[in-house]
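These notes are about the structure you will find just below.
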């Protein structure tokens, strides 16, 4: 007969296993909509309160024959091997909805669930401002650093997630793409058929696009047309301009200088085609890259950007400080109401941090802003950003 001490120990172990496993936890899936209370505003950043989420995948042919632990350790890196062993043992990783031993061999097409304490990367705390709300179309000013739709580690910290949480706007369908670090006009459709109509016009070359960029140096007064192929390297996440016509894809961009202060220039950018990082790469190709684009700034152009007089340097710092002050003012009220408490998960490799590991850097938006899209019988615009004023 078991002793009282042994029964107490067994009871304690059972409680610990429940706290680490799938019991007593509300697990979210993509079907759970974001809520206003999901966000925490801290130090000028919008964070997402960590939450429990079920990631679902199906076994690919190349995964078949591996143990469940080896599969995760090899294909889903970023956590130690021991984590995946513990996750399988306590049911945080399941196959076809069932717990399995660590030695379990997976088969093709089986459903794999990973129950995870999810930490999303923070984004800048600007609001997603609604510009125009029509029966079938919604236009907003997208803040820099915020992805348009769920992707990678981002789900709630997206334009779609924020609009649903704060305005109840869903479903929405994207008309065009804006990179995460780019700000400005974003056109969204309320239904799939309207979105398809817009996309057909874009693919047919009937839509004109205009962006603003703040570049290094004094951009030429005369209009510049760059007609150079672009080759995108998905592994590096970077594009290159190719003088060889057989490399990359055809790309063309028109540039017009709006103003210059002798150190930087504000340039109107009109992409004729739509390649990945097209404007950024073509500006680099002209020798006048975007002034804060660390991905495409060369040592030479970076030096030109920072070689300023004391007054110019102070003005640049002052402008950045004003932008941060405005950003802080926008969220002060929300900061006071935000409750930063969240459940610390004993198995989570990111806890007790609010964001995921590796996302503690101070990220600023790219000086590239979409200002206008126009097509047959329609035009949508977005106000200029503060950095477009060279004073």
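The backbone N, Cα and C atoms fix where each Cβ goes, glycine too.
Where the annotation comes from TrEMBL, it is an automatic prediction and has not been curated.
Annotation comment: TrEMBL describes 1-21 as region 'Disordered'.
Per TrEMBL, compositional bias 'Acidic residues' is recorded for 10-19.
Sequence annotations record features per position, and here TrEMBL assigns domain 'Pseudouridine synthase RsuA/RluA-like' to 137-284. Mean pLDDT of the predicted structure over the domain 'Pseudouridine synthase RsuA/RluA-like' (137-284): 95.
Feature annotation from TrEMBL assigns active site to 179. Around the Cβ of residue 179 (active site), a 10 Å sphere holds 16 further Cβ atoms from the protein chains shown.
Counting residues of the domain 'Pseudouridine synthase RsuA/RluA-like' (137-284) by DSSP class, helix then strand then coil, yields 28 helix, 58 strand, 62 coil.
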